[in-house]
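Take a look at the structure below.
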Amino acid sequence: MESGDDSVLRCRSALPKMPTISNLDGMGGEGSNGENPCNGEIHSNGKMEVERLISKKLQLKRKAEHLKFDLMRQFDSQVLEFMDSLIEESASLEPAPVPAVFSPPLSDKERSKLRHLQGSSQGQGKQFVFRRSLLDELFEVNHIRTIYHMFIALLILFILSTLVVDFIDEGRLVLDFDLLVYVFGQFPLVVITWICMFLSVLVVPYSLFHTWASHYHESRHGTLWSLLLGALFLLYQGLGLGFLPTFVVVKNSFPPASCFIIILEQVRLMMKAHSYIRENVPKVLALAKDKSSSSPVSPLIPQLSHYIYFLFAPTLIYRDKYPRNPIIRWSYVASKLLQVLGCLFYAYYVFVRLCIPQFRSISQQLFDLRAMVLCVFNSILPGVLVLFLAFFAFLHCWLNAFAEMLRFADRMFYKDWWNSTSFANYYRTWNVVVHDWLYYYVYCDFLWMSKKRFRAAGMLLVFTMSAVVHEYILAICFGFFYPVLFCLFMCFGMMFNFILHDRRKGPIWNVIMWTALFLGQGVIICLYSQEWYAQRYCPLQEPSFLELLKPRSWSCHLQTNPAVDS
């Protein structure tokens, strides 16, 4: 009995001792020889303690990693907030204006007055600071760059599928880009038309403003002088820059891509000319109101070099000076231009493989609800790809290439629109260049004229102008009037703008935004593609005005396939 108690005590005294991993093996060996009666209990209890310690260690490690991640995220957010506030404060410090060439030296009083005049017109507007494009920063992360590689792989698959299908159908490899040759047809005439447009914008607005500003301060009939030159400027905007390029496009039947080049440049140059006049006129008017001022007007007239730089700069807001980078990275320019070319071929294969086979047989199908629904959902994939390609090619690659060549430092041409949880935020972040122009020159000017009343009316005005310009571009370039985009803007766009507003937060609203965006792209590709082929399959000999307004795709099957209706 005593020997049994001693053995139990020895076993209990051995339990608290924590064996190491190497000792566990030795203990197991001793237990196999039967020399220690409590070896089995020590082996099992020790293994459980080791596993418990390892699990606790792993839990502490995971907690430390989470704590590290949270700390780094808080630190990054605080640093970003600090840098943003620092940039805003530094941007608010306007440098002294540089006198124009051959202008007389100014006194200190005159310099301070000119600083006040320039700050009153530009200090409250958009501030340009040194900023990189968001995708350039995101592509430095390997996880984000992998998504870019996935799109490249999809392009390779499009090319391979086209080559394989052509080899099966033709028995040979067909490298035919007839679609690209067609859409960019009459390119020499496009270049000549663009040169005429650019020279007119270079000469007319600058000359009109220079003439008006030089004589307004001395004229006894300043209001009449302003009305006369203002009417000439509006006449030039409407007739010289508005009507004549459109007439050339319609008269010569430019193909779609060539037409897009002229019409988009037409809209861009009209917006730039308006910004140049809008930003510089208030400075001259403010100087004229000061009766005691003897300051010359010449420093307020921008130099021609500033205006030329603005015409090429990737912004629609005029400033005498912009933040500039010290050097030009020509390798960066070449990579962006090559990416634009790659997106062009990407869009070509999207239309060849996904759009043309689907819509070529439109004349053999009856226009009904079932066909419409199938068409919309089959058009979502090409519509989304075209949306991504247009964004990446123009808003990222093309604008960054010109910004780099001009050493233009503010590269915020877009924001993180893909994270939007509301359509209001999406409209603000998708195209920052156009949004800034609409915000400062349409919305803010409307509020100023209405004394900050009728904000909803100002928003409606912005939506209407944007919808009309978008529909005008598509109508001229496609050669028919089919207001699908206008209805989407004015109906669903306005509705989603108030329903999915900025107070909607959370991932579910981002999902809803993407779903609505995908459906909208499907509707646009489907309806415009159907109308494009209907216009060619069912031409009208002598159409009336009402027949031109009626979509041809609604009745095309009646003319091309009458047996279906019977």
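Cβ from N, Cα, C; glycine included.
Between the listed ranges 300-318, 452-470, TrEMBL ties the annotation transmembrane segment to 300-318. As a quick check, the transmembrane segment (180-204) and the transmembrane segment (224-248) clear the bar of 3 or more Cβ pairs under 8 A, pairs 6 or more apart, so the two touch. Listed in sequence order, Leu485, Phe486, Phe489 are the same-chain residues six or more apart from His470 (active site) with CB atoms under 8 A from its CB. Beyond the transmembrane segment (300-318), the same-chain residues lying 6 or more positions past its ends with a Cβ under 8 Å from any Cβ of the stretch are 100-101, 114, 117-118, 125-126, 128, 198, 201-202, 206, 209-210, 213-214, 268-269, 271-272, 275-276, 278-280, 283-284, 287, 399-400, 402-403, 406, 408, 410, 413, 433-434, 436-437, 440. Here the transmembrane segment (480-499) has long-range neighbours at 423-424, 427, 459-460, 463-464, 466-468, 470-471, 474, 516, 520, 523-524, 527-528, 531-532, 535, 548-549, 551-552, meaning same-chain residues at least 6 beyond its ends whose C-beta is under 8 angstroms from one of its own.
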